[in-house]
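Beneath this line is the structure, given in structure tokens, with notes to follow.
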Amino acid sequence: MASAIADAEKLNNLKSAVAGLGQISENEKNGFINLVARYLSGEAQHVEWSKIQTPTDEVVVPYESMAPTPNDPVETKKLLDKLVVLKLNGGLGTTMGCTGPKSVIEVRNGLTFLDLIVIQIENLNSKYGCNVPLLLMNSFNTHDDTSKIVEKYSGSNVEIHTFNQSQYPRLVVDDFSPLPSKGQTGKDGWYPPGHGDVFPSLKNSGKLDALLSQGKEYVFVANSDNLGAVVDLKILNHLVHNKNEYCMEVTPKTLADVKGGTLISYEGRVQLLEIAQVPDEHVNEFKSIEKFKIFNTNNLWANLKAIKRLVEADALKMEIIPNPKEVEGIKVLQLETAAGAAIRFFDNAIGSNVPRSRFLPVKATSDLLLVQSDLYILEDGFIIRNKARSNPANPSIELGPEFKKVGNFLNRFKSIPSIIGLDSLKVTGDVWFGTGVTLKGKVVIAAKPGVKLEIPDGTVLENKEINGPEDL
């Protein structure tokens, strides 16, 4: 009982402190206080392991079983005119050593993530005479840069709208006060509360009502760094015909994806199960590919009217993800939510088990190596897998810290090697690649400490371990 009283006092003190923060809107203040109140009430969803069921094909629909898209271009235009594409654009390129939004990193042929996204939608709009708009959800970290960057697309046939996700104050763990009222006035005092915030932010920005008034019905949400997340008519057609309010694209797990969230049937509803919700004694079972065969790609489709209904009813109470950080020696807490967890609040929600090609995220320079290589080709803004590779799986690539930053990565490769026949590559130390290098099978290149190792132009390495020039 005493702790409940203490919590109520904490919340009241926090409310008055947050009321004095002039940098954010009333919507943001209320959203933040509600999130903290939910967190304190401990309504964390405890999953009873014995109640978890594997979803059936009715709930997680195999992509192959979905009806083919209508051949009639008039029907296709009708379908596409219901659609809005939304890219989550709040992330910075810092982990890859870049300043500014991650979506402006050059992916291929001098084109950035954003260039490719715009080209893809331009092609759809030209081909069918439809008007699919592009929405970018920025964070306060990416807003200014993105606003300048999108000016270069002003001549395109794609309507581009930007809006900001919420800005919440970081919570000081010691006394439960907002960090900005502690004199931390810069960006470090704040955080964007995860992509679960896409739904309220869409509503609060006025974009949701504007889209509904234009007759739009569905939004396709995806991470801006997932090159596989292209508009899919078959999925859109399925949702419209079956009146599904929500669809999460999942794809079969490989050993690289064991930490990804999965879909389960639970008490008659489909819901997302994240590793953080799994009791310790079941973590290994969660990671196994046998029991939980699929994972969330974060390509999500949702009905706009349903989003409006749920946000207005304050019904989207997604699991809270507490994210502890430290700012200048002060321990702080960020409370976040994920968009995929919203699946259990929508009616007639489904998963769709899609081909792996719809999940091609670029999280590190090792991913950049894949998509810049001959393993993929660029066609009409689409990054497509090269048919010349017979193995459906991509090679596993590990690059040492010398390659972590995009600038260093590009300097160390005179040209990107041919990797069509590669199974795995591991590079450590001070390694530099010449032009026209071919890598096949399993290749390990490990330069000795303090030694610069250059792979000469035109070298072919097949199932080799290289430790120095003598091995070439």
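Each residue, glycine too, has its Cβ placed from N, Cα and C.
In TrEMBL this protein carries:
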BINDING   K102, Q165, G194, D225, K363  UTP binding site
BINDING   H195  substrate binding site
Inset, instruction - Take the C-alpha atoms of H195 (substrate binding site) and Q165 (UTP binding site) and report the distance between them in angstrom, rounded. - result: 8
Legend entry - Pairwise Cα distance maximum in Å, UTP-binding residues per record: K102, Q165, G194, D225, K363: 21
Legend entry - List of residues, in chain order, with Cβ under 8 A from that of D225 (UTP binding site) and at least 6 apart: G91, K102, S103, F113, P361, V362, K363
Legend entry - Neighbour-count leader, CB within 10 A, binding-site residues: H195, K363: H195
Inset, instruction - For Q165 (UTP binding site), write down the residues of its own chain that are at least 6 apart in sequence and whose Cβ falls under 8 Å from its Cβ; none is a fine answer. - result: G90, M137, N138, S139, P192, P193, H195, D197, V198, S201
